[in-house]
Amino acid sequence: MPEVQLRNNWKREEIEALFALPMNDLLFQAHSIHRQEFDPNEVQVSRLLSIKTGACPEDCKYCPQSARYDTGLEKERLLAMETVLTEARSAKAAGASRFCMGAAWRNPKERDMPYLKTMVEEVKALGMETCMTLGMLSAEQANTLADAGLDYYNHNLDTSPEYYGDVITTRTYQSRLDTLTNVRASGMKVCSGGIVGMGEKATDRAGLIQQLANLEQHPDSVPINMLVKVEGTPFEKLDDLDPLEFVRTIAVARITMPKSRVRLSAGRENMSDELQAMCFFAGANSIFYGCKLLTTPNPEENDDMSLFKRLGLHPEQGIAATKEQDEAMLAKAAAHQDKKSAAFYDAGAL
């Protein structure tokens, strides 16, 4: 097979034509590219932690963390450092190579940036890759996180530009693109994808992929989420998307962004093992690991490892911590046993 050429000039009709291929042809093309660019049996494993939950001012119609919807979600302040590090250690012990931290904000406040910078540094010291999703970032904020060593920043486009206004009205599509520009300019890696099953048309799924694939540099990681319908959100009663359309979206993402990690994100809890196996064959090679994604359910770790074993898959190996980092981590954990720390961070203490 000839070497895959990266493109940033995809036309909508080209991507729609990929979606329209017979399933066998689409899967063959996607898997061939996947096998050429990656170990087809390796899956990168990330753990996602909500470091600040609920009370978000945005009106994203899919999101239980919006303050505008009554979903029964209890809001929480920014987590204390030791709480985050305990979760990160647990994630590493369970086999995760990347630790992702998410906050329900429109954008981070300047008063919190020093604390977030320290959080990145502390998690990095455990020998893990780091990722954050905090909302919109200014160029200065992106540089601060990059200086701390943050590896990835997630900011999804969610859907096509045409359908976007039916999903969100409190932030523009361009503002999302601007944040991605700031992240890339800072030197961090970009994690950006979207959500399917929000009532969009097939052309909107093609439009989402087109926007991602036509970025000046493809996202390093492309999370594809299946809508998790949460009671109290405007999208709670939408019809289910045909699961095969989800597989098609994974396959087209793989074809158009051949060197990117394509992640199975939200919605896996409701997917059969057979559907997930098709997604891995179609080019997905990353998952979120653990029983919860921010506030929505996710398969248990043991279920994922059992599925990996049945499919002959293995997780990507994490970054090994140095001996000095291991000793520092153990010393900090031992010291923590002698004092009880608060569960939440107090910004006023800075």
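Here the Cβ of each residue, glycine as well, is placed from N, Cα and C on the backbone.
Among the candidates CYS56, CYS191, the residue that Swiss-Prot names alongside CYS100, CYS131, ARG263 for the [2Fe-2S] cluster site is CYS191. The DSSP secondary structure for CYS60 ([4Fe-4S] cluster binding site) is coil.
In the predicted structure, the domain 'Radical SAM core' (41-268) carries a mean pLDDT of 92. The record gives CYS100, CYS131, CYS191, ARG263 for [2Fe-2S] cluster. Within 8 Å of the mean position of their Cβ atoms, the other Cβ atoms in that chain belong to SER46, LEU48, ARG98, THR133, TYR152, ASN154, SER221, PRO223, SER286, PHE288. Surrounding the centroid of the Cβ atoms of CYS56, CYS60, CYS63, where the record places [4Fe-4S] cluster, the chain contributes additional residues within 8 Å, namely GLU58, ASP59, TYR62, PRO64, GLN65, SER66, ALA104.
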